[in-house]
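These notes are about the structure you will find just below.
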């Protein structure tokens with residue numbers, strides 16, 4: 001027989017305990033703050049009997065040290081980095097490097113949580129959009145204070161880690177934004193490959209629409225999803241003599257410029273040259289291996305030059321790299337060398353000398369270069385770059401050659417993004433969707449983006 | 001505290017019909033409950049209080065928290081995305097929970113007719129409940145409802161050009177609601193247990209008097225099952241408010257397309273970990289607590305009017 005009390009009691013109990021769980025926060029870490037700011041040297045002295053490895057070269061043999069190296073990436077990168085760690089440990093038996101890795105999305109959650117707990121990895125991968133976020137809060141070490149050699153680093157990208165009177169991260173390599181083109185789709189459509197030094201955005205629209213029209217259903221001209229990533233805007237704004245950010249870290253373009261870029265995509269979708277919006281959204285979210293070019297469903301997909309290897313192997317045949325349209329259409333050229341990712345060090349590392357040694361070794365030693373190859377972009381160290389060139393795979397060599405060719409024409413680097421750039425990128429993603437789905441006009445989208453992005457980076 | 005008193009009164013009522021010889025039970029009960037209490041204090045109560053404090057600060061995970069009073073709570077009033085996330089979450093709860101309970105009750109009624117191999121069916125239907133909030137199912141959902149997914153391929157067979165179920169802002173939330181309805185297994189099992197408790201003599205008497213099956217359902221089954229419907233409702237409403245995994249996976253953590261699947265908890269997570277506004281995220285957690293407490297209280301108050309206890 002159903003009786004009143006048990007069910008009602010159970011409901012109340014469950015309600016109470018579930019309520020308690022909704023407010024699950026992060027672990028209590030306020031007490032740890034003092035620890036992280038404590039002098040590093042003391043910790044080191046208490047843990048090792050031997051004299052600590054300190055400034056200068058005359059200090060004798062350094063003691064045992066354990067440092068942690070954090071990165072994001074795929075399985076192949078995890079294996080590669082493990083190989084790297086093994087090679088470093090063989091050279092420096094007194095140093096143990098602990099790997100700490102995850103995928104891109106989880107990486108920033110993890111890094112923020114570890115930092116909150118006073119447990120920042122000694123050496124970590126950083127990215128342009130987050131570098132300031134961490135550096136300005138005193139979490140990263142100023143690499144100028146350590147014995148890290150930057151004399152061979154490509155000067156055009158070294159600057160990306162220099163601000164606020166310090167060097168907070170060193171770019172590991174360079175990338176260029178490219179249009180990856182599938183010659184087979186062009187051939188099937190009977191359309192000639194454009195001259196990428198002179199083609200305009202109007203040519204782009206025309207050629208892409210023609211390819212869609214000339215091929216079977218489900219094969220498109222371009223994978224064009226408006227401005228899902230800030231780089232699409234950076235290239236476009238630079239072509240118009242502007243930039244995403246101005247040198248002081250404020251919005252560097254006007255709303256009309258941004259709106260015009262959206263109009264390119266809207267016109268292209270209208271003309272059938274790109275998949276319709278909701279399909280485009282799925283394709284865009286599915287990653288490089290599922291892109292139109294990688295799956296033979298389109299003539300062109302935009303990517304970074306270091307992604308060519310993966311996309312070529314997914315496509316199963318050689319692809320061609322094209323410069324962005326419009327490089328000679330407006331005020332100036334838009335392409336730029338982008339620092340692929342950066343290596344940084346924790347300001348609270350227990351073994352800063354050892355961490356700096358490891359960081360320096362990864363950047364500058366030919367041995368490390370041979371293992372890393374172009375995984376972190378075309379190596380930033382120019383000697384290492386030359387050293388590994390003939391060891392690269394076919395597609396990587398093709399990408400390296402392209403970067404070389406383009407470099408000659410590149411005018412300057414894009415301005416460094418301000419603090420909050422990570423958040424701005426997700427803002428851009430949302431407004432991009434609203435504009436493409438027709439919920440707001442390009443002009444409204446541009447004005448709102450500028451207003452909200454300024455608010456995010458302003459404080 | 002309420003938990004303790006509940007346990008205490010349960011124990012009291014039990015010990016009446018046992019003997020004094022079992023008086024030591026209390027100590028052993030506490031002993032066995034100890035791990036749970038330790039967990040409650042360390043894993044629940046500690047962080048709970050910390051988050052209450054953090055909700056009054058500008059904590060950003062990376063640097064020290066500064067006390068800013070009620071600023072976070074004030075900021076919520078002008079937050080367009082917060083409002084959007086509330087609309088999404090309430091729509092989801094109000095539409096999908098009743099549908100899910102109806103599906104659960106419907107199947108429980110079917111299964112209650114003493115089928116052969118009932119245990120197998122019961123397990124089969126219960127399975128989605130176990131899997132429903134898992135990452136694997138969310139990924140599967142993304143495949144099935146993708147633009148080129150199974151659903152659209154089936155639709156293509158009958159000549160319908162299906163939309164992007166998860167990539168179009170008009171359909172994405174609906175697709176996630178279907179996922180929630182599909183996890184009707186756990187309320188279904190509870191309904192089944194409840195149906196078993198209704199004495200068959202009522203039905204016998206009713207059919208002797210000429211009542212149809214439908215009349216029997218509305219006059220016998222529903223009233224006698226109402227405490228269990230109520231129990232399921234409270235539980236599922238609380239669950240639905242906390243939906244996170246499905247939209248996190250299906251939308252790649254964005255809550256898109258165009259924020260159409262921006263669940264409250266997903267937005268909270270984005271603010272806390274993505275935008276490093278942990279203080280604001282903590283304040284949001286407390287608002288959610290208040291909302292769920294309010295909804296649950298409303299449920300209990302309204303239950304007076306429709307829940308029938310056959311004491």
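Every residue gets a Cβ built from N, Cα and C, even glycine.
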>> Tell me which of B:147-169, B:216-238 corresponds to the transmembrane segment entry in TrEMBL.
In response: B:216-238
>> Tell me which of B:123-144, B:255-276 corresponds to the transmembrane segment entry in TrEMBL.
In response: B:123-144
> Which stretch does TrEMBL mark as transmembrane segment, out of B:60-85, B:86-111?
Replying inline: B:86-111
> Cβ pairs under 8 Å with the transmembrane segment (B:171-195): which stretch of B:28-54, B:86-111, B:123-144, B:216-238, B:283-302 has the most?
Replying inline: B:86-111
>> Same chain only, please: residues at least 6 beyond the ends of the transmembrane segment (B:216-238) with a C-beta under 8 Å from a C-beta of the stretch. Say none if there are none.
In response: 93, 97, 100-101, 104-105, 109, 187, 190-191, 193-195, 197-198, 202-203, 206-207, 292, 295-296, 299-300, 303, 306-310
> In terms of Cβ proximity under 8 Å, which residues at least six beyond the ends of the transmembrane segment (B:283-302) contact it?
Replying inline: 51-52, 55-56, 72-73, 76, 82, 93, 230, 233-234, 237-238, 241-242, 264-265, 267-268, 271
>> Given a Cβ distance threshold of under 8 angstroms, which distant residues of the chain, six or more beyond its ends, lie next to the transmembrane segment (B:86-111)?
In response: 118, 121-122, 125, 173, 176-177, 180-181, 183-185, 187-189, 191-192, 195, 217, 221, 225, 229, 232-233, 236-237, 240-241, 243, 255, 259-264, 295
